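Student: Please read through the structure below; I'll follow up with questions.
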Amino acid sequence: MSPYLSGLIQLTIVSGAIHQISFSTFSTLPFAVGSVQDAGLIFLSSMSSNLVKILRKDGADDATILATVTIGLGIYTALLGLALILVGRFRLASYCKLLPSSVVGGYLGYIGFFCGQAGLALMAEVDVSGLTEWGKFLDVDALVLMTPGVIGGFVVYYSVRTFRHMAVLPTCIVMLMIMFYAALWATGTNVRDATEYGWINRNFNDSPAWYHTWEYLRVEKVVWTALPSQALTLGECRGQFPGVCNVRCCSDSGTNVSQTKLYTPPVAMICVVSLSSSLDIAAIEIELRRPLDYNHELKTVGISNIISGLTGGYTGSYIFSQSIFSLKMGIRSRLMGYVLAFTMLAFWMIPIDVLCYVPNFFFGSMLLMICLDLMFEWLIDVRGELTSAEYATVLATFALLQILGLEFGIIAGCVLHFAMLRMGYDIGNDESVNMDDAVAIANYKACNSKREIVRPEGRR
């Protein structure tokens with residue numbers, strides 16, 4: 001599908017802009033940043049991969065595959081949005097407030113690690129899904145490609161943390177680009193050579209005109225029988241690939257034939273996205289130091305996904321790291337979100353693919369900056385604000401998420417928290433994410449540069 005990558009990227013950009021406009025319009029948070037997000041994309045990715053395998057096996061052409069996959073994912077995104085609105089309508093998201101703050105802290109550290117790993121993999125141009133595959137980063141070429149981004153990430157993080165001015169990050173971004181092209185000029189290297197070596201992603205090519213963005217969404221080409229909704233209640237899962245079922249059905253001639261269809265329970269995607277979005281809201285709540293209406297914010301996520309799905313886009317949610325960064329920069333106007341969306345749409349409409357000129361280490365530096373910010377804040381800096389048992393729970397949850405994954409890691413962290421409570425360990429406030437924790441953590445961060453810790457009364 002590489003020849004169609006630029007067109008599919010355009011769909012993703014439009015989807016990101018739609019999510020941002022939705023959050024800026026419907027969220028109670030004027031600084032909210034929302035875009036296409038990984039929680040739902042994990043499921044959409046599995047579904048699209050299996051669909052391609054199925055349709056390839058049946059001899060479908062590229063136009064049929066693209067139509068089936070893009071329209072199918074859009075339908076599932078819209079259905080997810082409807083489900084999230086129902087979850088918020090029946091006030092089920094409030095139960096996520098029962099999560100212990102130490103478990104949420106471990107989750108935030110894990111997200112930081114995930115961002116850092118993604119940044120390294122992007123720069124090294126390798127696929128890495130966990131610590132067991134980090135050996136791929138030790139390749140000589142990978143080390144060369146990662147070095148500028150790693151240095152850039154640390155410099156950007158140090159600059160943002162030290163100077164604390166809204167102009168620091170944009171200045172760092174501009175300087176990274178200037179330094180890259182200054183290095184190309186000094187070494188006599190052109191953009192094509194840099195792309196061949198791996199400094200710029202090789203998969204990017206000339207983008208089609210913006211009005212061709214939806215040309216793959218051809219309803220007459222869709223193989224409806226291959227979509228998950230046609231196989232949810234039929235057959236049993238077999239075969240080599242998870243999520244693929246062999247089912248017995250009748251052909252047009254009335255003869256029983258064996259067909260391979262996709263089986264992906266939508267309930268899992270709904271649960272994971274609901275939990276992930278609620279955790280994002282919890283993280284923002286802690287930083288904001290005032291309670292948020294989880295159910296309203298989840299309905300906002302639902303509205304955003306419905307609009308995105310109906311326009312051929314993908315699942316999205318709050319990008320809490322960027323939302324928190326906007327909050328820290330003092331942004332309190334919804335204009336920021338609309339400007340961000342307008343910028344994405346402007347890049348979508350211009351006749352050249354800007355990504356063909358942006359080095360991989362630029363994106364890697366930004367991801368590493370987020371990684372360092374989250375991991376230092378929630379795995380190191382917060383140590384002075386927590387009891388020993390609470391801090392142990394934070395670190396244990398971080399480790400359990402690495403081993404067990406998101407859902408089971410969160411459950412295991414909660415089990416550990418309540419087991420320590422049962423055994424009589426001092427875990428501070430044994431309730432969920434609440435205002436005492438929020439004030440304590442926020443005050444600690446506010447005076448961190450002075451090495452002064454402010455605690456709410458009664459907290460030891």
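Glycine is no exception: its Cβ is also placed from the backbone N, Cα and C atoms.
Sharing the feature lines straight out of TrEMBL:
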type     : residues : note
DOMAIN   : 31-382   : domain 'SLC26A/SulP transporter'
TRANSMEM : 65-87    : transmembrane segment
TRANSMEM : 107-128  : transmembrane segment
TRANSMEM : 140-160  : transmembrane segment
TRANSMEM : 166-186  : transmembrane segment
TRANSMEM : 335-355  : transmembrane segment
TRANSMEM : 361-380  : transmembrane segment
TRANSMEM : 392-420  : transmembrane segment
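Neighbours and distances for these, please.
Tutor: Long-range contacts of the transmembrane segment (65-87) within the same chain: residues 1, 4, 8, 11, 40, 43-44, 47-48, 51-52, 55-56, 93, 216-223, 226-229, 266, 269-270, 273-274, 277, 295, 298-299, 301-315, each at least 6 residues beyond the stretch ends and with a Cβ under 8 Å from a Cβ of the stretch.
For the transmembrane segment (107-128), the residues of the chain that approach it from at least six positions outside its boundaries are 134, 136-137, 139, 141-142, 145-146, 149-150, 153, 198, 201-202, 279, 283, 320-321, 360-361, 363-368, 370-375, 377-379, 394, 397-398, 401-402, 409-410, 413, judged by C-beta separation under 8 angstroms.
Sequence-distant contacts of the transmembrane segment (140-160) (same chain, at least 6 residues past either end, Cβ-Cβ under 8 Å): 119-120, 123-126, 168-169, 172, 176, 180, 198-199, 359-362, 364-369, 371-373.
Counting residues 6+ beyond its ends, the transmembrane segment (166-186) has Cβ neighbours under 8 Å at 148, 152, 155-156, 159-160, 194, 199, 325, 329-331, 358-359, 361-362, 365-366 in the same chain.
Only residues 6 or more beyond the boundaries of the transmembrane segment (392-420), in the same chain, are considered here, and those with a CB under 8 A from a CB of the stretch are 39, 99-100, 102-103, 105-107, 109-110, 113, 130-131, 271-272, 275-276, 279, 378-379, 382, 386, 427, 430.
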Student: Can you tell me which parts of the same chain pack against the transmembrane segment (361-380), counting only residues 6+ beyond its ends and a CB-CB cutoff under 8 A?
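Tutor: Counting only partners 6 or more residues beyond its ends, the transmembrane segment (361-380) has Cβ contacts under 8 Å with 105-106, 108-109, 111-113, 115-120, 122-123, 145-146, 148-150, 152-154, 156-157, 160-161, 173, 176-177, 180, 199, 321, 325, 394-395, 398, 445.
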